[in-house]
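Peer 1: Supplied in structure tokens, the structure appears directly below.
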């Protein structure tokens with residue numbers, strides 16, 4: 001069924017607000033989304049909220065439970081490791097192809113994407129991840145891989161990165177990864193990529209991806225099972 005323009009706009013607004021709350025860690029992993037309470041808090045109908053949650057479920061940020069509503073995605077360590085392995089294999093391969101096949105226009109895109117990321121504050125006044133930085137970060141990683149000839153490989157990499165978005169944000173919101181120098185990591189990746197150093201760039205990218213996993217696994221192991229919102233298995 002096609003939504004009316006008004007309902008589609010409202011659904012998109014609710015989707016974005018929910019997504020921001022998830023990424024700020026205000027809705028904890030595995031917690032149930034109470035439809036009536038949340039709809040009332042947002043001032044929308046339950047049907048609008050369910051449509052927004054369905055879209056979030058398609059991105060893996062929430063889980064639709066038959067006859068039980070929606071829950072926030074659980075941060076399973078095993079699932080995170082599996083996702084990380086898939087990302088490192090695919091993105092390293094795609095970056096190598098970009099470095100081999102990318103032209104001057106691609107180099108310009110990498111420079112521009114890195115400059116935008118470098119100039120955008122990572123956090124807002126409350127210490128939460130800045131949505132503008134999130135978009136710049138997503139675009140930078142996309143253009144790195146866009147120089148290759150396989151659009152399908154790039155699309156797969158983009159999809160895996162979307163799935164990891166929640167982990168990236170929760171590495172700060174839950175695990176307090178405040179001492180990481182992400183800017184230096186991005187600078188290294190950009191420099192090695194533009195120098196056409198395929199081995200070095202791929203290694204730097206893999207290390208960058210694995211850092212988030214390491215931080216969250218360390219967090220999961222540092223708290224008791226009863227207090228830990230991240231599953232150990």
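Note that Cβ sites are derived from N, Cα and C of the backbone, with glycine treated the same way.
TrEMBL lists 8-75 with the feature domain 'HTH gntR-type'.
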Peer 1: If you average the pLDDT over the domain 'HTH gntR-type' (8-75), what number do you get?
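Peer 2: Across the domain 'HTH gntR-type' (8-75), the average pLDDT comes out at 88.
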Peer 1: Would you mind splitting the domain 'HTH gntR-type' (8-75) into helix, strand and coil residue counts from DSSP?
Peer 2: 37 helix, 10 strand, 21 coil
